[in-house]
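Per TrEMBL, (6S)-5-formyl-5,6,7,8-tetrahydrofolate binding site is recorded for Arg30, Glu88, Arg127, Lys446. According to TrEMBL, the feature GTP binding site maps to 233-238, 252-258, 277-280. TrEMBL lists Ser237, Thr258 with the feature Mg(2+) binding site. Here TrEMBL flags 223-370 as domain 'TrmE-type G'.
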Amino acid sequence: MVGDAENHVAGRTIAAIASPPGRGGVGVVRVSGPLAQAIGLTVSGRGDLQPRYCHFATFRDSRGEPLDQGLVVFFPGPRSFTGEDVVELHGHGGPAVLNGILQAAFDAGAEAAEAGEFTRRAFLNDRMDLSQAEAVAELIEADSLAGARAALRSLEGEFGRQVEQLAEELADLRVFVEGSLDFPDEDVDFLATGDVDGRLSAVRERLTRLRERASTGVRLSEGFLVVLAGRPNAGKSSLLNCLAGRESAIVTERAGTTRDILREKVALDGFHVELADTAGLRETDDPVEREGVRRARDLVERADLVFFLVDSQQGWTSEDAREWGRLPEDRRVALWTKADLDAAEGAPAISCTGEPGVGPLEEELRRRLPLQGGGDALGARQRHLEVLDRVATELASAAGTLQNYGSGDLVAQDLRRAHEALGEITGRVHSDDLLGRIFATFCIGK
Ligand SMILES: Nc1nc2c(ncn2[C@@H]2O[C@H](COP(=O)(O)OP(=O)(O)OP(=O)(O)O)[C@@H](O)[C@H]2O)c(=O)[nH]1
Ligand SMILES: [Mg+2]
């Protein structure tokens, strides 16, 4: 880590446009590194920069030609975002102006920042742990308020703290179990007296809870995929159009109209739900339709929720029963369609053209997706879930060994692996490769 820190942090002074591409009232060029203050003085033409103070200035290029008027702010390290000296140049938000200011910073000694390099430096300078650094990206990418709140919770360090706490409990357990290995001849059964079993179950329970909170966070940021499935002519495409508010899919009275998957984003209670219309499920000899059905079945496997639409006029047929049986049990909901034509009983019913409308479907979405339940979600990424799963596997293995009166040696190994894996979340244990992969997903200027 020290080598890495020296390579990336000490030498170069980096600069990038930190505001989004396009035009806006203001735009920001951020500079970080040992030359930041000097660059701020040169570009702004000022004689001094008071720390954390907004100075009005005229920005000039290397030949002294004026570029823009704006504000310059100097954040001396280590009390800055990256932990180094940072200067922000706030100009007008147009591409020509901002590129001009950026070029002026380059001419004064800065180099182009890589994707995520500001946040990477913040991590390497201990301004934040890895889960916080990643939460910066989540917060910027969030397109729902609940997703943003979850990311902020992680940015504030909640996720990292929870992980650290788990890591500490694991460390205590390791110390105890490894300590018992030093006295193999003792009569006393160390593992039994230390209630290793009980402590291990407590850690596993906390881990499960943390996994749930993180998993909700991932789903909030990735959005929910809701698939409309059902036999041909059930009314899937009509429903997609109705919810999207536009004629996205072709609707005809002919069975087997849709073949491709059609996606539409719809907003529900401030969330983006991705709806997918699919080919009607049936056995067919038509190769094009068959491919459509295959894609539909594939997509169903990845869905957060599957609405299985059944034409009220046709009623529940044996084909419906067969297709229903192939859907994932925990994620399927039956919905009667065309309720304006025929009143259905039992399952919720909807209509695209008349009463009762699509309200019952929205109710099901609210009930089935953790839209409100995102209350204590933690902004997280798929990578974190994978690490937590690995930790869970190691701990399950440790518990199994304990139960079978296995050797303390094996338990100790499982605990060590679980403990080390946890460190990958906060970055206590990291490799350049892991950092490279994480920060590559950031954009330049972050
Ligand atoms: N009265 C009424 N007719 C509907 C309703 N929804 C769909 N229909 C009709 O049912 C027929 C089939 O609708 P689609 O939306 O194309 O059905 P689909 O499930 O997409 O069919 P495939 O793409 O062939 O699988 C069309 O003639 C629609 O106009 C509804 O709510 N009320
Ligand atoms: Mg269709």
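Every residue gets a Cβ built from N, Cα and C, even glycine.
Where the annotation comes from TrEMBL, it is an automatic prediction and has not been curated.
Considering only the binding-site residues Asn233, Ser237, Thr252, Thr258, the Cβ with the fewest other Cβ atoms within 10 Å is that of Thr252. A distance of 57 Å separates the Cα atom of Arg127 ((6S)-5-formyl-5,6,7,8-tetrahydrofolate binding site) from that of Asn233 (GTP binding site). For the pair formed by Ala279 (GTP binding site) and Ser237 (Mg(2+) binding site), distance between Cα atoms is given as 9 Å, rounded to the nearest Å. A simple Cβ count within 10 Å picks out one of the binding-site residues Ala255, Ala279 as the most packed, and that one is Ala279. Whole-number maximum of the Cα to Cα distances across the (6S)-5-formyl-5,6,7,8-tetrahydrofolate-binding residues Arg30, Glu88, Arg127, Lys446: 18 angstrom. The most densely surrounded of the binding-site residues Arg30, Arg127, Lys446 is Arg30 (count of other Cβ atoms within 10 A of its Cβ). Non-local contacts of Glu88 ((6S)-5-formyl-5,6,7,8-tetrahydrofolate binding site) by the CB criterion (under 8 A, 6+ apart in sequence, same chain) comprise Ala18, Val28, Val29, Arg30, Val31, Val72, Val73, Phe75. Between Lys446 ((6S)-5-formyl-5,6,7,8-tetrahydrofolate binding site) and Ala255 (GTP binding site), the C-alpha separation comes to 50 Å. In sequence order, Leu228, Ala229, Gly230, Ala249, Thr258, Asp277, Thr278, Gly280, Leu309 are the residues of the chain that are 6 or more apart from Lys236 (GTP binding site) and have a CB within less than 8 Å of its CB. Mean pLDDT, taken over the domain 'TrmE-type G' (223-370), works out to 93 on the 0 to 100 scale.
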